[in-house]
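Q: Next up is a structure, given as structure tokens.
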Amino acid sequence: MSLAPEGRRLLRVEARNAEVPVERKPEWIKAKVHMGPEYIGLKNKVKSAGLHTVCEEAGCPNIFECWEDREATFLIGGDICTRRCDFCDITSGKPRPLDMEEPQKVAENIREMDLRYATVTGVARDDQKDGAAWLYAETIRRIHALNPGTGVEILPPDFGAVPELVQQVFDARPEVFAHNLETVPRIFKRIRPAFTYEKSLRVLTMAKADGLVTKSNLILGMGEEDHEIDQALVDLHESGCDIITITQYVRPSKLHHPIDRWVKPQEFVQWSQRAEEIGFQGVMAGPLVRSSYRAGKLYAQAMQRLGRTLPENLAHLAGEKTARQEASAVVAQMS
């Protein structure tokens, strides 16, 4: 009998995945390290204060660039998800009780780090009657109260697309409401069995109708075809999605979905151009782009294109900022 690293019996899908060897990464997937003074100062502060971010704990390759601009990502709701997606490295199972003090703790972490923009994501909590909607909403409220100069991007699960649950999060007024579609209809059930393509789009439509700036992500390299990517982009835009990030799937372990292909940087440039043509207000595509990468920059760009003025307390997010992982920049580095 095959066992997972934590000692449990392998799921059938994991056993099937494990039959495919882990793929070797191409040269363009390897990130170059650029450690500036802001990054070094922030890292020292995080270490001395015992703070926790997804950026460090997930080993994100973009931490140097994001921290240099004082942006970071936090995970709430615990570290065990009630759903299992075939690309995701978060453990699935029965989670521990919610930490009701977590919203305040996250807000205090952000204050200690003096962040300009924070992305807050989290696990699905289907064990909770409200899907932990209160936790997401309260975290937004506490961050805003304690850090008026920090933009907040919330990246929750779909809450089953139940209007009264998602409305709790909308009412907390994050700067950006993000929900990641991730893949195309044909392989959606295999990749995200506890979600549906339609509900993910519906959540974005509801957020847009409530006046929020909306955002989503597509992961390439999991078996999708070009025409399916194009249709997913159209579907997202028609559902009210303002900002799109397009990324390369990188397999966390042999138990996860095998990589179908490594998408070349030049192709990401083409998808970025296509997303602009479709009408997205903010686009970021590249092999090492992640959904929270340069999130403050994309929010400011979308606000400008939507004809909205940045709030005075967030005016510092405007202006040109680097994006070393953006596809055209990667292509330029390769030449």
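Each Cβ is built from the backbone N, Cα and C atoms, and glycine gets one as well.
A quick note: this is a predicted structure, and the numbers were derived from the prediction, not measured.
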Q: If Swiss-Prot gives CYS55, CYS60, CYS66 as binding [4Fe-4S] cluster 1, which of SER272, SER291, SER292 does it give for that site as well?
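A: Candidate in the recorded [4Fe-4S] cluster 1 site: SER292.
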Q: Starting from each candidate's C-beta and looking 10 angstroms out, tell me which of the binding-site residues CYS60, CYS66 has the most other C-beta atoms.
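A: Answer returned by the neighbour count: CYS66.
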Q: Roughly how many Å lie between the Cα atoms of CYS66 ([4Fe-4S] cluster 1 binding site) and CYS88 ([4Fe-4S] cluster 2 binding site), rounded to a whole value?
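A: Spelling it out, the Cα of CYS66 ([4Fe-4S] cluster 1 binding site) and the Cα of CYS88 ([4Fe-4S] cluster 2 binding site) are 22 Å apart.
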Q: Here the binding-site residues are CYS81, CYS85, CYS88; which one has the lowest number of other Cβ atoms no more than 10 Å from its Cβ?
A: CYS88
Q: Ranking the binding-site residues CYS55, SER292 by other Cβ atoms within 10 Å, which is at the bottom?
A: CYS55
Q: Taking 8 Å from the centroid of the Cβ atoms of CYS81, CYS85, CYS88 as the cut-off, which other residues in that chain fall inside it around the [4Fe-4S] cluster 2 site?
A: ARG83, ARG84, PHE87, ASP89, ILE90, SER92, VAL123, ALA124
Q: Nearest by CA distance to CYS60 ([4Fe-4S] cluster 1 binding site): which of the binding-site residues is it, out of CYS81, CYS85, CYS88?
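A: So, spelling it out, the nearest of the binding-site residues is CYS88.
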Q: What whole-number Å value do you get for the CA-CA distance of SER292 ([4Fe-4S] cluster 1 binding site) and CYS88 ([4Fe-4S] cluster 2 binding site)?
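A: One finds 15 Å between the Cα atoms of these residues.
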